[in-house]
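Copied from TrEMBL, the annotated features are:
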- 12-62: domain 'Myosin N-terminal SH3-like' (DOMAIN)
- 66-384: domain 'Myosin motor' (DOMAIN)
- 159, 160, 161, 162, 163, 164, 165, 166: ATP binding site (BINDING)
Ligand SMILES: Nc1ncnc2c1ncn2[C@@H]1O[C@H](COP(=O)(O)OP(=O)(O)OP(=O)(O)O)[C@@H](O)[C@H]1O
């Protein structure tokens, strides 16, 4: 995608260079000669000459690499050259660029017509070098390798919040759903739900419950996902499963369990080991470099500075422990009935005590919820 104007620029590997710039990060310069000291060099930038430390001046690549599709080809792989290449491509709305095995994506923040079915079809069965860089090329390569080598393939999609991980993941899933479609598309007006529809449509549900608007991203995923798509021997979709990976639940749960207030666990009726509290103990219990005892001291003292009374603070901790107790309450199905009933009451009693509510009312709210509709109060059981 390198145009002629880019390629025909005069170039001298000893002279053309990148130098730091406060606004742009770096700009083009031309080495004029040695500076007054051995570690200095004189560089011409626009119409003036500046003296710079040699190690601030970085080599520039020959013009034939302008907007190169694979940055592992670059003669000089310094930060400036990599960023310049990504920026130049992005300016031409080329958001995908390879760097060896990696595919770097820059979020365009606007809908580009590069994910249509016809574009996907163009990438199917093609070699990476035959087509411009694209997520579809990476996906197709993985698909072919799976079929040829009968080996599982994995793609890691990573980046900071708002970088485009979720969007690109959806495109990968849609690509696999398309390439591995097992059933014919329903005719217009016909309502057949295919497995590929289901795999693609799992996303709105997951996003509705698992995403939220943050300052950095209007649709920020609040948990990581491990998505597995299974294909049969013919390369057709067989099933899909998604595991969520929350690295750790809210810090306060682990802080309460720390030894900063040794009497607190007893007061909160947390008499089991932390690993028993399922929802809190599913992932990491500790974080490298984070001391929950010290953190809890900071939380507790911060409450004091915010003028929380001792009772108000305790009420906050009671609410947290109530959540933990609730997380391990058990229910079972009544014999020969659809209706659920509590399976033991010990944790419910502790939770109710922490919420300061009556345990029978509390359990009733779980097994026979009531919904107020206009002026009628309806009782729902699992039967109706
Ligand atoms: N390829 C793309 N084309 C158009 N818009 C995009 C693309 N990638 C990302 N965006 C836009 O950027 C927003 C943020 O992207 P996305 O939600 O994928 O980020 P993320 O990396 O998953 O962030 P988080 O880690 O916060 O979940 C999207 O809602 C969308 O508006």
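Cβ coordinates are placed from backbone N, Cα and C, and glycine is handled just like the others.
It is 164 that, of the binding-site residues 159, 164, has its Cβ surrounded by the most other Cβ atoms within 10 Å. The DSSP breakdown of the domain 'Myosin N-terminal SH3-like' (12-62) into helical (H, G, I), extended (E, B) and coil residues amounts to 3 helix, 30 strand, 18 coil. Taking every protein chain shown into account, 161, 166 are the binding-site residues, and of these the Cβ with the most other Cβ atoms within 10 Å belongs to 166.
Neighbours of residue 165 (ATP binding site), defined as other CB atoms within 10 A of its CB across all chains, total 20.
Cβ neighbour density within 10 Å is lowest for 160 among the binding-site residues 160, 162, 163. Same-chain neighbours of the ATP site beyond 159, 160, 161, 162, 163, 164, 165, 166, judged by a C-beta within 8 angstroms of the site's C-beta center, are, in sequence order, 107, 217.
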